[in-house]
Each structure stands twice: as C-alpha cells, then as structure tokens.
Amino acid sequence: IRCFITPDVTSQACPDGQNICYTKTWCDNFCGMRGKRVDLGCAATCPTVKPGVDIKCCSTDNCNPFPTRERS
C-alpha cells in the first residue's frame, strides 16, 4: 500500500506489515491561526489516540491526502 507521509506529504510505499494509512489531526497553541496539526503515515493497525485527537484510517493507496483547512 502507498500512503502520504508527513512532513513532506509525499506518497511512499509502506513497510511490509503496515497496510493502513492514517490521518491524525489535533489542535495545539496555534490552532486559531494555523489550523489543526496534521500527521500522516502508515501503520499496522489504526492507532489509538488521546482525547482531542482525531484519527481517520483507510486501506487503499494514497487514501490519506493532506486535509484541506476549513475556512471560518
């Protein structure tokens, strides 16, 4: 499977055994100005996250593009 990987947001082949792409988003101190922080990558299973962190997992090539920021 191929997933987008941060920080470069390039499509890369995942290591053997990692067949899930994820998009993790959360707010830091600059959320109001910059929007949510985004982490993209590969995983063997969908990661569990802390409260306040959103995660989306998928299992097709390049299914985790960088999310577009919602304009307020």
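Residue numbers in this text run from 1 along the chain shown.
In case you wondered, yes, glycine gets a Cβ from its N, Cα and C as well.
Residues annotated as disulfide bond in Swiss-Prot: CYS3-CYS21, CYS14-CYS42, CYS27-CYS31, CYS46-CYS57, CYS58-CYS63.
Here the features listed in Swiss-Prot are painted onto the structure.
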| residue | record | DSSP (3 states) |
| --- | --- | --- |
| CYS3 | disulfide bond | strand |
| CYS14 | disulfide bond | coil |
| CYS21 | disulfide bond | strand |
| CYS27 | disulfide bond | coil |
| CYS42 | disulfide bond | strand |
| CYS57 | disulfide bond | strand |
| CYS63 | disulfide bond | coil |
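Nearest to CYS14 (disulfide bond) in space, judged by Cα atoms and limited to the disulfide-bonded residues CYS3, CYS27, CYS31, CYS63, is CYS3. All protein chains shown were included, and the count of other CB atoms within 10 Å of the CB of CYS46 (disulfide bond) stands at 14. Listed in sequence order, ILE20, CYS21, TYR22, ASN64 are the same-chain residues six or more apart from CYS58 (disulfide bond) with CB atoms under 8 A from its CB.
One residue stands out among the disulfide-bonded residues CYS3, CYS14, CYS27, CYS31, CYS57 for having the most other Cβ atoms within 10 Å of its Cβ: CYS3.
A straight line from the CA of CYS63 (disulfide bond) to the CA of CYS3 (disulfide bond) spans 7 Å. Among the disulfide-bonded residues CYS27, CYS31, CYS42, CYS46, the ones whose Cα sits within 10 Å of the Cα of CYS3 (disulfide bond) are CYS42.
Here the Cβ of CYS63 (disulfide bond) has 17 other Cβ atoms within 10 Å, regardless of which shown protein chain they belong to.
Highest Cβ count within 10 Å among the disulfide-bonded residues CYS21, CYS42: CYS21.
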